[in-house]
Every structure is written in structure tokens, then in C-alpha cells.
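As recorded in TrEMBL, the features of this protein are as follows:
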BINDING   8-13, Asp33, Arg38, 86-90, 127-128, Glu161, 272-275, Arg342  NAD(+) binding site
ACT_SITE  Cys272  active site, nucleophile
DOMAIN    328-453  domain 'UDP-glucose/GDP-mannose dehydrogenase C-terminal'
Amino acid sequence: MVKICCIGAGYVGGPTMAVIALKCPEVQVAVVDIAAPRINAWNSDHLPIYEPGLEEVVKECRGKNLFFSTDVEKHVAEADIVFVSVNTPTKTQGLGAGKAADLTYWESAARMIADVSKSDKIVVEKSTVPVKTAEAIEKILTHNRKGINFTILSNPEFLAEGTAIKDLFNPDRVLIGGRETPEGAKAIKALKDVYAHWVPEDRILCTNLWSAELSKLAANAFLAQRISSVNAMSALCEATGADVSQVSHAIGTDSRIGPKFLSSSVGFGGSCFQKDILNLVYICECNGLPEVANYWKQVIRVNDYQKTRFVNRVVASMFNTVSGKKVAILGFAFKKDTGDTRETPAIDVCKGLLGDKARLSIYDPQVTEEQIKKDLSMNKFDWDHPAHLQPTSPNSIVKTVSVVWDAYEATKDAHAVCILTEWEEFRKLDYQKMFDNMQKPAFIFDGRNVVDVDSLRKIGFIVYSIGKPLDSWLKDMPAVA
Ligand SMILES: NC(=O)c1ccc[n+]([C@@H]2O[C@H](COP(=O)([O-])OP(=O)(O)OC[C@H]3O[C@@H](n4cnc5c(N)ncnc54)[C@H](O)[C@@H]3O)[C@@H](O)[C@H]2O)c1
């Protein structure tokens with residue numbers, strides 16, 4: 001029986017291994033983590049992450065051929081294939097701070113694998129890592145190996161949060177990178193055999209190690225670049241009177257461009273895009289390619305510009321001050337259908353408004369008060385580090401923030417509403433009722449283009465919707481970053 005062990009029971013390790021267990025009943029899968037609360041949650045009725053369809057898959061396999069455990073060393077020692085799916089945050093200190101990947105967690109996992117192994121193993125990079133990480137890991141493993149053979153593969157994960165199970169069941173492609181040696185080819189075949197249980201062979205792409213590592217960074221950079229491109233257009237639309245939705249539709253019907261990932265918004269978020277592009281930028285700089293580095297850096301700059309531009313619109317429209325004014329924030333998660341707030345644009349928008357002394361009342365259907373307050377107190381990039389390195393008590397800025405469990409409560413007596421996540425329920429709110437209970441003039445700033453601008457203007461709102469023709473009220477208000 002093939003034994004698989006995955007180090008890291010997070011958003012990637014948990015769902016990926018659950019699907020492997022479901023599709024390969026004769027393979028034994030153990031998911032291990034140093035975080036006991038996370039493992040306990042995986043073994044309970046309340047899984048640590050929400051993904052549509054995940055619970056059914058876990059319930060089907062758990063206890064049969066899928067196990068969650070904190071006994072990292074035992075399961076690693078027994079495994080034939082070890083996936084490493086630990087977090088790879090952006091470095092916050094030292095060389096490459098703010099750009100390079102922090103491989104502390106990866107390195108300690110590799111050293112532990114070398115320490116406890118008593119049989120040959122295939123070690124699979126599942127985490128997103130800088131190009132040539134495999135080479136470094138290989139060195140750690142071979143210098144500590146005690147006669148054991150380790151073969152390293154890169155198998156980056158392309159699932160998207162919110163659709164992880166669907167993506168894993170039916171992936172556009174599975175990518176496996178390995179050394180171009182007989183051992184490398186043998187290891188690639190062993191991993192390919194696992195995926196071939198349910199993925200058509202022509203969708204399993206095999207490359208060399210570096211191509212696989214770089215392809216993951218490149219894919220995220222291209223996806224984020226589309227968002228920054230359409231967001232850059234949104235600023236021009238506002239300046240000219242064009243409508244960004246119409247422009248997106250018009251360009252998306254070109255089959256060479258395609259319609260996906262062309263929605264304008266307050267900016268992209270999530271745990272990966274910014275981190276992976278910063279990583280790419282750092283690698284380009286280290287390889288003496290400043291022009292390439294600057295090209296990709298611009299994708300992040302436009303994203304930051306979009307968030308700042310949004311805050312400036314809010315403040316400029318409201319007579320250049322939001323000091324002491326109540327601003328309702330609808331939506332805090334980085335996208336709909338998830339409670340994940342890692343790198344959500346809402347953090348920067350809220351911090352921007354708090355910087356101008358606004359009072360915030362925040363409502364998100366999936367994010368807890370504790371999480372929101374933690375996010376608003378944390379320094380950039382700290383979220384991807386262990387809990388003991390994060391602030392325990394919210395700082396003073398958070399005193400002007402309240403978190404409520406209802407959109408009408410959030411907007412009561414508010415001067416303005418900012419919509420920052422595209423939750424379906426925000427399309428169906430009773431905006432007349434909301435308007436009646438707000439201060440006047442009542443403003444709506446739609447950072448996700450979810451509201452019907454014309455009907456809201458009829459109610460009496462002053463409406464700003466990203467990339468749409470401006471309200472006459474806003475036309476002369478400068479809002480450049
Ligand atoms: N979240 C996504 O949508 C997504 C998609 C594709 C790729 N990725 C990449 O996958 C990797 C993991 O991401 P994630 O979102 O699952 O992270 P996560 O933070 O949810 O999970 C990582 C887990 O690894 C554990 N861990 C760290 N060091 C360990 C060690 N030495 N031994 C055992 N466990 C250890 C942590 O306790 C944590 O539970 C990252 O590199 C990320 O960039 C993420």
C-alpha cells in the first residue's frame with residue numbers, strides 16, 4: 001500500500017489530501033501539522049476551513065484512508081511520498097525583507113524529514129516557493145541523509161479558495177516538475193500514477209523542476225496582472241466617462257483575451273497574489289533583471305493605487321474630511337464565499353479611513369469581530385506567521401471600530417457606506433430603508449460594482465461605483481493617489 005504524508009494541514013494541504021484519499025482508496029493518506037488546534041478541528045465536526053463540498057469528502061474518507069495527526073515524525077517516517085504544504089510568508093526582517101519568501105517553515109520541515117527517515121522517499125513541494133528552492137531542499141536532504149535516497153518533485157497547487165474541491169476534482173492541469181534523471185523520471189511517474197486515478201493523462205503536465213516552480217509564480221502574476229490592468233482602465237473610465245463594465249465586456253469577447261478575471265474592483269487580495277509577485281520581483285532582481293522586476297512590481301503598485309484611490313474618493317467626496325463620521329463597511333473577506341481575510345483590500349481601505357479619523361461600523365456575513373480587529377491591528381505580512389508572533393490585544397486604533405452582525409445596523413446613522421466584498425446579499429438589500437436611516441447627504445461607495453447605480457441615485461444616494469461614469473457631485477472632487 002502506498003503511503004502519503006502531507007506536512008501542513010492548511011487551506012491547501014487539507015482539501016488536496018482529502019481529494020487524493022477519496023479518489024485513491026488503496027492509498028493511505030496522513031495529514032500532519034504542528035498546530036494541535038488545527039488538527040483537532042480536522043478531526044471534529046467543525047473543520048478549520050470552509051470550502052463548499054469539503055465536509056462531505058472528509059466525512060467519506062476520515063478514519064478509513066485519511067488521517068489527521070500531530071504525530072508529524074511518525075507519519076513522515078512511514079511515508080513513501082511526503083508532500084510539504086507549509087506556509088511560505090514574505091520575509092519581514094533581514095535580507096529581502098518585504099519581498100523574499102521566508103522559507104523558515106519549509107527548511108525546518110526538510111530537516112525533520114532528513115532526521116526521521118529510514119526508507120527512500122519522494123519529497124513533493126506543494127507550497128508555492130521561489131525558483132530553485134527544490135535545489136536548496138535537495139541539499140538539506142542529501143547532506144543529512146544517512147544513506148537514504150530522496151527524490152524531490154515540484155507539484156504546485158492551482159486551486160482557488162471558495163472553489164477548491166471543484167478545482168481539485170476537475171483541474172485545468174496538474175503540474176509535476178522533476179529532475180531529468182532516471183530517478184527523477186521514476187518519481188514523476190509515481191506521482192503521476194496517483195493523479196491519474198481521476199485526472200485525464202493529457203492534463204498532467206511534466207516539466208523540469210525549475211519550470212514547475214516558476215509556472216506557479218507566473219500563473220499568479222498573470223492573473224493578478226489582469227486585475228490590475230482592468231483596474232488601471234477603471235481610473236481612465238472615471239476620467240473620461242466610459243463605463244468599465246462595458247469596456248471589460250467588449251474586450252473579453254475577443255477570444256484571444258477571454259472574459260474571466262476582468263471585473264474591476266477596489267483591488268485584489270488573498271494570501272497568494274501579492275506574496276507570489278513580490279517573490280517573482282525579488283528573484284528577477286537577484287538575477288540582474290531590474291526591467292523585468294519593475295514590470296511585475298507595477299502590478300502591485302496599481303493594486304495599491306486602486307485602494308488608495310478608493311479611500312481618497314471617499315474622503316474627497318465627503319468635504320475632504322471623514323473625521324468623527326460614521327462610515328459603514330459592508331464586506332471584509334477578500335472575496336465572496338469565504339471567510340478568509342488574508343491581504344483583503346478591506347484592511348487597507350479601513351486603515352486609510354481610520355487614518356482620517358473615521359468611525360467604522362463593519363459587517364461581513366462570514367468574518368468574526370475577533371478576526372477583523374486582529375487584522376486591523378497587525379503589521380503588513382505578519383498574518384502568515386504563527387499566532388505567538390502576532391499581536392494579542394487590539395491596539396488603540398481599533399477603539400473607533402465596531403463590528404456588527406447586520407447590514408442595517410452597520411449603516412444606521414452612517415454618513416457613508418463602502419461595499420468592499422461582492423457578497424450576493426448586498427445586491428438584495430433594502431436600500432430605501434438604509435437611506436431613510438442614514439445622515440444626509442448619504443453616500444455609497446461601491447468597491448465591487450454590486451449595486452444598481454441608477455436606482456440608488458433615484459432614492460437619493462450620491463453613488464460612486466468603480467470605473468462607472470461619475471455622479472455630478474463627484475466630478476470636480478480630485479481623488480488621485
Ligand atoms: N491558500 C491558497 O489558496 C493557496 C493556493 C495555492 C498554493 N498555496 C500555497 O500553499 C502553501 C500553503 O498555503 P496554505 O494557505 O495552505 O497555508 P496555511 O497557513 O493555511 O497552512 C500551512 C500549515 O503548515 C503548518 N506548518 C508550518 N510549519 C510546519 C512544520 N514544520 N511541520 C508541520 N506543520 C507545519 C502550519 O501550522 C499551518 O497549519 C503556501 O506556500 C501557499 O502560497 C496556497
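We number each residue from 1, going along the chain as drawn.
Note that Cβ sites are derived from N, Cα and C of the backbone, with glycine treated the same way.
Nobody curates TrEMBL annotations by hand; they come from automatic prediction.
Recorded features from TrEMBL, shown on the structure.
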residue	record	DSSP (3 states)
Gly8	NAD(+) binding site	coil
Asp33	NAD(+) binding site	coil
Asn87	NAD(+) binding site	coil
Glu161	NAD(+) binding site	coil
Cys272	active site, nucleophile	coil
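The average pLDDT the prediction assigns to the domain 'UDP-glucose/GDP-mannose dehydrogenase C-terminal' (328-453) is 90. When the Cα atoms are compared, Cys272 (active site, nucleophile) and Gly8 (NAD(+) binding site) turn out to be 16 Å apart. Within the same chain, the residues at least 6 positions away from Glu161 (NAD(+) binding site) whose Cβ sits under 8 Å from its Cβ are Tyr11, Glu51, Gly270, Lys335, Thr338, Asp340, listed in sequence order.
Neighbours of Thr90 (NAD(+) binding site), defined as other CB atoms within 10 A of its CB across all chains, total 22. Broken down by DSSP into helix, strand and coil, the domain 'UDP-glucose/GDP-mannose dehydrogenase C-terminal' (328-453) contains 47 helix, 19 strand, 60 coil. Put plainly, the recorded positions Gly8, Tyr11, Asn87, Cys272, Gln274 were compared by Cβ crowding within 10 Å, and the winner is Gly8.
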